[in-house]
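Undergrad: Following this message is one structure expressed as structure tokens.
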Amino acid sequence: MAEDLVLKKCDLELEVNGHDHHTADLCRERLVVRRGQPFWLTLYFEGRSYEASTDSLTFSVVTGPAPSETAGTKARFPLSSAVEEGAWAAAVLDQQDGVVSLQLSTPANAPIGLYRLSLEASTGYQGSSFVLGHFTLLFNTWCPADAVYLDSEEERQEYVLTQQGFIYQGSVKCIKSIPWNFGQFEDGILDICLTLLDMNPKFLKDACRDCSRRSNPVYLGRVVSAMVNCNDDQGVLLGRWDNNYKDGMSPMFWIGSVDILRRWKTSGCQRVKYGQCWVFAAVACTVLRCLGIPTRVVTNFNSAHDQNSNLLIEYVYNKFGEIQKDKSEMIWNYHCWAESWMSRPDLQPGYEGWQALDPTPQEKSEGTYCCGPVPVRAIKEGDLSIKYDAPFVFAEVNADVVNWILQDDGSLCKSTNNSQTVGMKISTKSVGRDEREDITHNYKYPEGSLEEREAFKRANHLNKLTEKVETGVAMRIRVGQSMNMGSDFDVFAYITNNTAKSHTCRLLLHARTVSYNGVLGPECGIKDLLNLSLEPLSEKSIPLRILYEKYCECLTESNLIKVWGLLMEPDANSYLLAERDIYLENPEIKIRILGEPKQNRKLMAEASLRNPLPTPLLGCTFTMEGAGLMEEQKIMDVPDPVAAGEEVKVRVDLLPCHVGRHKLVVNFESDKLKAVKGFRNIIIGPA
């Protein structure tokens, strides 16, 4: 009788598998592979070698706390002579003495997660078992049979592998790019993402079913959307929008997802304070990219929050041009969510591709604060019967805004001019370039087109189908070239009279600070012209001066001021309303790199900023982080005070560990100048 087959060791070939599976940064201590693609391992036997005629080798893989073959979380498969793709299988590639090289195949629809790989070896009636090790299985955008397959290598690189990017903020007329460190391959992030899945209520309720459903990116996207906020569970972030962040971090402070996810894990999965829409979207993007689902962050400017699904956002102004009470339904200056790429076998053909996912807790979906995934194509077509949450997302980009003027007798008169259009300049980072891509056309047909009208009919959007009444008098709010933080500046009400008669009107101009979600702050400018004469076929430009001393104490970290004008002609009972959100430009953070950028060679980065304000800055800090450039975020305090016009500098050591293009992201904070962002691309060469 042949002696027992004894396994000496198993080499999971981390380096070669990491390279082949685009997981090299994750494969330093544990095997990480992508489903639907073979991986390699080498078995070393002692005493004698494996003999196909004598020995029987059977492999076993399990995931989750209650593995089950029927649930797809457990599989047993024998060693075969030929490679079999599309299923759990193992085949011999090469054999020399006591060394056997094997290829293992995985199904393209296997649940993702942490697996244990075991081997049962039998010779005749004798047998023994060995645990070969653990590996993590991810979604595979390179595999045509995977539900997240993308056929563009450039897009795969951008939406799965790229660890840095931009998020767009500001206003529709002044879009600002904010650098962000997604850091999905940084140390510990994959384990944190798997912990996040295991903390979700569906797993805690039925672990076997939850682990089985992790084969489906639609399901996973919904879980991540719910777990990035903490409203129903032990999720990652607590949202706050009232500018009171003293017991946590201001949402504007964050410059990456890594610090947020590590704080959540090290605190025992306690919620991290605080997040707002772009932070929720960026953290979701990190988690989904880490798990292998192509994902990007998008920004919708003039985004509607429609609670009652009537596709209508209504504002009421009094005759002094003042908005009557804040309300929950409003227009956000901008709103960010994530898009993930996946097929939708649960829906009719044509709805595969980009799916909108929104982890910001706004409204409940099937009893949970999450949103999506909903096909972007369904939003464009006005198909609101499609799951998940199509009506809410459709309203964000298509709701109508109606402004009412409150009369003395309590009645409401509709403004005949409205300059605010919902759903504009929908933006995301371009593939392979540090530039903005406008993707509004993915969500909406061209304005006034037949296709647009058909989409509105399908959505029963009657407001958009009514004919707009054109008036002979029009008004817009105009601004100068640029408005810098700390400066005084003028804005203008630009009025045109296209009629052949004169009009005598009253013009009210207001300026108030505003948060990006539409909540108004104190007034910082006002003008009231009681008898403004508009000559026939004429134009007028009326200035409103806005002073730093008026806005400095009440400006939020959004750096936004809302200006609106109300033009009233009492004799004709006519009201014209125009408004504009103004973004104040922060000073530039200059970043210098001292030293030659080489792998594993120390570098120094110098960041500097000049105080643009007429007053000193106190409590100044620089925060820096960058995937592949430093192990953890670094915060550097600056000695007080920084005088008006003075330049302040800090330096930090970098130790690049990866060859290639990296982004150093910097944030500056002080008492009067907050959330100033900067970045520098650094090309790291080989050692």
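Heads up, the Cβ atoms here are built off N, Cα and C, so glycines get one too.
Because TrEMBL annotations are produced automatically, they should be read as predictions rather than curated entries.
Annotated active site per TrEMBL: Cys277, His335, Asp358, in sequence order. The Ca(2+) binding site annotation in TrEMBL covers Asn398, Asp400, Glu447, Glu452. The domain 'Transglutaminase-like' annotation in TrEMBL covers 269-361.
Show me how these features fit into the shown structure, please.
TA: Around the Cβ of Cys277 (active site), the same chain contributes Trp332, Tyr334, His335, Cys336, Trp337, Thr360, Asn517, each under 8 angstroms and 6 or more positions distant in sequence.
For His335 (active site), the count of additional Cβ atoms within 10 Å of its Cβ stands at 26 [all protein chains shown].
Summarising the environment of Asp358 (active site), the number of other Cβ atoms within 10 Å of its Cβ, over all protein chains shown, is 31.
For Glu447 (Ca(2+) binding site), no same-chain residue lying six or more positions away in sequence has a CB closer than 8 A to its CB.
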Undergrad: On a C-alpha basis, identify the one among Asn398, Asp400, Glu452 that is nearest to Asp358 (active site); the candidates are the binding-site residues.
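TA: Of all the candidates listed, Asn398 is nearest in space.
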Undergrad: Quick one: give me the count of other CB atoms within 10 A of the CB of Asn398 (Ca(2+) binding site).
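TA: Summing over all protein chains shown, Asn398 (Ca(2+) binding site) has 25 other Cβ atoms within 10 Å.
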Undergrad: How many of the residues that make up the domain 'Transglutaminase-like' (269-361) does DSSP mark as helix, as strand and as coil?
TA: 15 helix, 40 strand, 38 coil
Undergrad: Beyond Asn398, Asp400, Glu447, Glu452, what residues of that chain have CB atoms within 8 A of the centre of the Ca(2+) site's CB atoms?
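TA: For the Ca(2+) site the neighbour list reads Thr421, Val422, Gly423, Lys444, Phe456, His461, Lys464.
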Undergrad: Rank the binding-site residues Asp400, Glu452 by how many other Cβ atoms lie within 10 Å of each Cβ and give me the one with the fewest.
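TA: If we count Cβ atoms within 10 Å for the binding-site residues Asp400, Glu452, the smallest count is at Glu452.
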Undergrad: Average pLDDT across the domain 'Transglutaminase-like' (269-361)?
TA: 91
